[in-house]
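Working notes, beginning with the structure itself.
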């Protein structure tokens, strides 16, 4: 981090108020040899100011850059999964940086291809949900194997870091980010003699390919979720999901591991 001194700050809500609060921090950073940029193009460190949702937006809006470090500053009551620093204690963060008390961790992403025409990455999860009050039908394939036919409200495919988010609310497993994999969870599946699914989340390793083929039954206009954004596509035939080679490098304090965050948040 000490060698990455071109900083771009990404703000969520209340930008004007937060920029004003960050001005003393800007001065401290500049006094310590950092340069504050107005555009992310020439930045080698991108800092989100807000919450985890702001961090996800910062990564997406700056193109999932692999040549940058990402860091999160929380403006909420406490630090969170993607925010290792708090806006009221950035001076402590600077001390940690100068003492080399921070580490760089890499978070995996998933790559999604929709009908061979639209592709994107997700840091947390990709979701495919019915856009109307009606179930839809999806044929699920793992690699070249037809695996199951799902009928229900939707499917969620999460990364290990995303396993603590939407996935966890669906009773999915919390997965260590050091394991290269992705997880598939169901939203209100209908199981009967015609449609039968595994009925539980399942985890695929980094070499697997997941293909979701929608049945053209009049409900093939789903809502596609990319982390905390929705993608507008009129009609979908299939979505292909893989674990991407692209990883996001983030800054972490040495005493703030993924499992310490899980413990602090849920236990």
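Cβ coordinates are placed from backbone N, Cα and C, and glycine is handled just like the others.
Here the structure is a predicted model, which means the values were calculated and not measured.
Binding of NAD(+) is attributed by Swiss-Prot to 52, 53, 124, 125, 151, 153, 164, 165, 166, 167, 168, 169, and within the candidate set 71, 93, 188 the record adds 188 to that site. When the recorded positions 52, 124, 151, 164 are scored by other C-beta atoms within 10 Å, 124 scores highest. If you take the Cα of residue 166 (NAD(+) binding site) and the Cα of residue 52 (active site, proton acceptor), they are about 13 angstrom apart, rounded to a whole number. Each residue contributes its Cα atom, and for residue 52 (active site, proton acceptor) and residue 124 (NAD(+) binding site) those atoms are 10 Å apart. Residue 166 (NAD(+) binding site) is surrounded by 19 other CB atoms, counting those within 10 A of its CB over all protein chains shown. Every protein chain considered, the tally of other Cβ atoms within 10 Å of the Cβ of residue 188 (NAD(+) binding site) stands at 11.
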